[in-house]
């Protein structure tokens, strides 16, 4: 009879608090409104400025259509597997880039490294967005300010595409024109260097802050903050627009571009395969690096975004959709860029290679100049810069959310969860203040320094260590079981092989390639001084150094008499590693003691099972181990 009553009471006792706990946990941390929000956010994160200004140029430099071959091979063997790994990692633990390292506490430094990288990128990325904002605002005129050479900031060398009808002169004297093309500076370049940036002669010579840019920087930080004011709840709604509208603009610009004279020449330049280049290691290195940086692996953003997913969401499908969308966008953007560059080269009577450029030079000099040749040029200019702003913001949202989520999850008490908006505000204000030096006259030098050093080889190291920590320290069998428990099926064999062998090998190859290919940075003709390059290396090291420092700290704090014991304890998954919500903690994550009255009665049958499955996991035999596990999770 007493046992009966306890049975009668127990389900209520057990269920109600459990339900409440589940509700609180999700409400406290927040979730995506639905799956589309997550996919759109991740697409917005992966598709950034690099897709427009880096990929088309790399493609044209590295053998046109032939570059697509190594590019897609790297996507399949390195891009998609790493993307899937980060998404599944964050989703399984529902934690940001610091919290997930309960899987092996010694490697938490990797999470700190990701935070440092995201901080650097977040600071300078918003400065690029603010320049796009500036161009967006000044495009709202009848004549674009970089059309003619008659402005106070122009020099005598300036030759506009529209000044004195160039094409009739070209017919007269092509050789003379080609000589002037070497020295010719375009009005758009002078506008960019002498007016917008008012560029100083040296990275150390900061000069004054450019107030228009400072104002636009304020605008872009305010926009980012307002979109993230409620965390993923508000940003999830914003991405419906920011992640989809760039495709509308790309399509409008594409249709406008291919109808122009000379567009085909530009596109042929972009796509004509030069198969001899495929044997060149540089081409493969560029392909691997581009995939790696473009997908945003090792920034911590993917882990963070996936941590707001529902536990059983199919992140395997998502990772494939997002990775392929990202690469398709890059290829599509190439058509948009090269059709208009081809038209401009045709108009100037020069080779496409003379007008092709990448990075800020493409977005703020070459492309705007080509736009001045079109009828109603301000309209196309407004569209183009609006697209750049949206592409940048999609990435910026995730960078900020990564930092905020990491801080909130790490502190993890009720108070900070309620005050999350203030944390977001604090991070945004700090980001704005740190971005101020980048709006000075030497700002672009610093921006490129950060872009080249803060976020290049350190990402590769972080990613490599992450692969090794999950696959070899935590153990691939454990991880595959975790994924099976979450998705209902183990990761496909191809991914298992990639994660264990191929992807780490490719990442290592990228690292070696980056070191061999290293050239000190320069901007146009300006060569950076040694002290600036040293600062660049310090920025790169500052994120990687977190890993050994934290590891040493963790080993010193661990229990154990010998170093080996301490290492074992430091790498062993902590007790609270596993699914965040109690109802998902089945199998080997099942709590040993249930809170209900007959705890000892309940524990009895679970304990041997648990011991058995652990013993099986230790033994190499696969079959029994698998069945024991699936039985366990069904239980």
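Every residue gets a Cβ built from N, Cα and C, even glycine.
Unlike curated records, TrEMBL annotations are generated automatically.
As the structure is a computational prediction, the values presented were derived from the model and not from experiment.
Here TrEMBL flags 1-25, 578-635 as region 'Disordered'. According to TrEMBL, the feature transmembrane segment maps to 38-56, 68-89, 110-137, 244-271, 291-308, 320-345, 379-400, 421-447, 453-473, 493-516, 528-553. Among the features that TrEMBL reports, Na(+) 2 binding site is placed at 44. If you look up TrEMBL, you'll see 46, 47, 51, 294, 326, 391 marked as Na(+) 1 binding site. Per TrEMBL, disulfide bond is recorded for 149-158. The compositional bias 'Polar residues' annotation in TrEMBL covers 621-635.
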Close in space, distant in sequence - residue 391 (Na(+) 1 binding site), Cβ under 8 Å, 6 or more apart: 44, 47, 48, 49, 51, 52, 246
Proximity of the transmembrane segment (291-308) to the transmembrane segment (68-89), 3+ C-beta pairs under 8 angstroms: yes
Dominant neighbour of the transmembrane segment (421-447) in 38-56, 110-137, 379-400, 453-473, 493-516, by Cβ pairs under 8 Å: 110-137
When counting Cβ pairs under 8 Å to the transmembrane segment (453-473), the leader among 244-271, 379-400, 493-516: 493-516
Sorted by sequence, non-46, 47, 51, 294, 326, 391 residues with Cβ within 8 Å of centre, Na(+) 1: 43, 48, 50, 295, 329, 330, 395
Interface check, the transmembrane segment (320-345) with the transmembrane segment (110-137), three or more C-beta pairs under 8 A: no
Contacting positions for the transmembrane segment (493-516) when only residues 6+ beyond its ends and CB under 8 Å are counted: 74, 77-78, 81-82, 84-85, 281-282, 284-285, 288-289, 292, 456-457, 460-461, 463-464, 467-468, 470-471, 476, 480
Stretch among 110-137, 244-271, 379-400, 528-553 sharing the most Cβ pairs under 8 Å with the transmembrane segment (38-56): 379-400
Residue 294 (Na(+) 1 binding site) to residue 149 (disulfide bond) - Cα separation in whole Å: 37
Residue pair residue 149 (disulfide bond), residue 46 (Na(+) 1 binding site) - Cα distance, angstrom, rounded: 38
All-chain count of other Cβ atoms within 10 Å of residue 51 (Na(+) 1 binding site): 24
Least Cβ-crowded entry, counting other Cβ within 10 Å, from the recorded positions listed as 46, 47, 158: 158
For residue 326 (Na(+) 1 binding site): intrachain residues, at least 6 apart, with Cβ closer than 8 Å: 43, 46, 47, 51, 294, 295
